[in-house]
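Heads up, the thing below is written out as structure tokens.
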Amino acid sequence: MEGGGKPNSSSNSRDDGNSVFPAKASATGAGPAAAEKRLGTPPGGGGAGAKEHGNSVCFKVDGGGGGGGGGGGGEEPAGGFEDAEGPRRQYGFMQRQFTSMLQPGVNKFSLRMFGSQKAVEKEQERVKTAGFWIIHPYSDFRFYWDLIMLIMMVGNLVIIPVGITFFTEQTTTPWIIFNVASDTVFLLDLIMNFRTGTVNEDSSEIILDPKVIKMNYLKSWFVVDFISSIPVDYIFLIVEKGMDSEVYKTARALRIVRFTKILSLLRLLRLSRLIRYIHQWEEIFHMTYDLASAVVRIFNLIGMMLLLCHWDGCLQFLVPLLQDFPPDCWVSLNEMVNDSWGKQYSYALFKAMSHMLCIGYGAQAPVSMSDLWITMLSMIVGATCYAMFVGHATALIQSLDSSRRQYQEKYKQVEQYMSFHKLPADMRQKIHDYYEHRYQGKIFDEENILNELNDPLREEIVNFNCRKLVATMPLFANADPNFVTAMLSKLRFEVFQPGDYIIREGAVGKKMYFIQHGVAGVITKSSKEMKLTDGSYFGEICLLTKGRRTASVRADTYCRLYSLSVDNFNEVLEEYPMMRRAFETVAIDRLDRIGKKNSILLQKFQKDLNTGVFNNQENEILKQIVKHDREMVQAIAPINYPQMTTLNSTSSTTTPTSRMRTQSPPVYTATSLSHSNLHSPSPSTQTPQPSAILSPCSYTTAVCSPPVQSPLAARTFHYASPTASQLSLMQQQPQQQVQQSQPPQTQPQQPSPQPQTPGSSTPKNEVHKSTQALHNTNLTREVRPLSASQPSLPHEVSTLISRPHPTVGESLASIPQPVTAVPGTGLQAGGRSTVPQRVTLFRQMSSGAIPPNRGVPPAPPPPAAALPRESSSVLNTDPDAEKPRFASNL
């Protein structure tokens, strides 16, 4: 039967997963009976009890007991085990919690002290292995204990001098309770200092060895802490209990109380502990919160001054009290011996502060010798404390705003410089305004600050400081983030005043500029002017071509710019060749828009096209960059064009029916901006519009065109809204893809050929050579309306009568000289016509070549009514006179 008992025990241990005693009993070879004896279980337990109680410890043994008895026998030991395990688990939990309180916690302060969470865990293991009741100096328990000690010390240092000085009866129950409690707490603190780890000042190592801690404390602050913690009230309570009350009163009558008062003053040595604890808290606040540390220092300084004044006031009254108020003391002279303690304390405090601030002697000048010496001592201490207070307060206030102080010192030097050179008043005012806008009252050594940081943090700060510039620049929005970061790290902040020339014509270009805030005007030899606003950049063409500037840029308002030197420019673009091609593409487009070209850029661009450097993704990025660069252009009408009218209002009021009547049937494969449309007056209004500064995306509001017909889908779009140009581009791109897939035979039939005017060229429907070159390589047809030598969309004038107009496919260079025609016919007629005009001119390519002839039949002749000679752009002999002027080679 014994052999059968062991398997049953093993099976029961498997059923009871939370119990370890069955397995231990089986492992040691002891039988179930031995286990039952240890647990006090009566024999005869059954198996039913083991099944009913999963957390109980029951063993099945062979015996004559019944099932019910076995079940009852199994329940009794289970209850006894749980009753014993509950307090044990609770005690273990409390012990673990208290032990964790003695270890450094994972918080902001400990992470800053030790560096990482793993280092904090390692320090916790050190505390566990250091010994019993070793307290870590950065533990939570020590933190809260120091807070309690700080409150107790402040209370003692304030209440004890008042009680000793102004209260003669010191045997009252509240006073005894306060002193006994204070002495008890300070004795506990004295004992805990022997078990608290210390910090080695030389190596910043935390010492947790109990022997080393004890020796360090005995050599440092033990004597002072022990004297300040002497339980004086315990001694007097013991003496009072052992002596007869009459004898005790007689002893007091014999002025033993004077000794007790002087002995109680030893508690004021607890000030040393207060200073130590305040210093620790200053370090904690400094490492955790920089601003809070400054506030703590201010309150600490003010509190120490008030505490010294409080002590000095109590001392002023204590000395006459110990002398039983002689007739020549200040208390007797002011007749305040029997006054209330509040009045006595007020006069004493006033007298002490008058001495310490060296402003007088208080209510009564010193007469007795003791008052005289106390007054001199008070003056010396007060003068020293006052000097320390002023020095600390001045340094603290200056440290709170050091950048503004540096700015003031710098500007004082500037004022002395202006006075030394006797600069005029207007120039001094400009210098003053520059410093105000450039530094805004604060000066930082930003270069040294950024150089002291690591690379990721420096890049993050630069990106944050230039976030507004990046948000307003389409070039950065479509660029690689690494390129943007590399570019921003090379920028230098500059400020220009209204009227300052940022760049001058003919100067060698050494910088390019990015406008963060402000408006700048581009000044060229022609009358056309252009405004640059937030997000614009200029001056890059000189850095690419190493040439001289052909235009000047002048600040119209205060401009906050970022400049980039030529060396940094080339350094960044060497690492990002795709962005160099983007700058070159924009430069070619800008030069082409003003009718100029640069052979270096064109040769390099053509070489890239021939070698197939561009891929589809880069083509899309370049298209977006060129598109946004055109939208950033802000043209200003010249003064000598009074016929410039508000085309925006005309096109916005045109009805859809009139727009449908004015559309012409021919479909154009490639179009360009008509210069006659830029300056031709609207039929509805003839009032000239003054020049205005527009937003970067509202170029069409300055030079606005009527509704136009999409050249590939015969759909009408409107240009009146500020974003109309962008909308038309987005609408046109998918339609061009559909047009590309259609056969050439699907185009509408052109009108029959008509005889041409002598001397004029045959109209042709042409495709620009540079655009064709892009198409023959990897560029798609969406690039064609945005090519470097071709404006974005066609423009036409909206009128009430619709007649077809011949399409001119020649370049500006091939426009013939005006010839005499039959009166009333052709464009050379005298009267101003209201017939709609569609004059679509191809520009000459950037390379100077004429686009090829596609063999399109010529259009019918113009109607009888024609425009006057002076208002016709087609008859202008000077093709450059009507070209829009844009900034080039800045």
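From the backbone N, Cα and C atoms, a Cβ is placed for every residue, glycine too.
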Annotated residue, N-linked glycosylation site, per Swiss-Prot; candidates Asn338, Asn648: Asn338
Per Swiss-Prot, Thr165 and Cys329 on one membrane face: yes
Which listed span Swiss-Prot calls transmembrane segment, if the choices are 261-281, 702-722: 261-281
Sparsest-packed of the listed binding-site residues (Glu540, Thr550, Arg593) - C-beta count within 10 angstroms: Thr550
Lowest local Cβ density among Gly539, Cys542, Arg549, Arg590, which the record lists as binding-site residues, within 10 Å: Arg549
The transmembrane segment (174-194) versus listed stretches 143-164, 216-236, 261-281, 296-318: most Cβ pairs under 8 Å: 216-236
Recorded stretch, among 216-236, 261-281, 296-318, 372-392, maximising Cβ pairs under 8 Å relative to the transmembrane segment (143-164): 261-281
Within the topological domain 'Extracellular' (367-371), residues counted as helix, strand or coil by DSSP: 3 helix, 0 strand, 2 coil
Touch test for the transmembrane segment (296-318) and the transmembrane segment (216-236), at least 3 Cβ pairs under 8 Å: no
Mean per-residue pLDDT computed across the topological domain 'Extracellular' (319-344): 89
Long-range Cβ neighbours of the topological domain 'Cytoplasmic' (195-215) (under 8 Å; 6 or more residues past either end): 123, 126-127, 130-131, 133-138, 142
Annotated 3',5'-cyclic AMP contacts Gly539, Glu540, Cys542, Arg549, Thr550, Arg590, Arg593, maximal Cα-Cα distance (Å, integer): 17
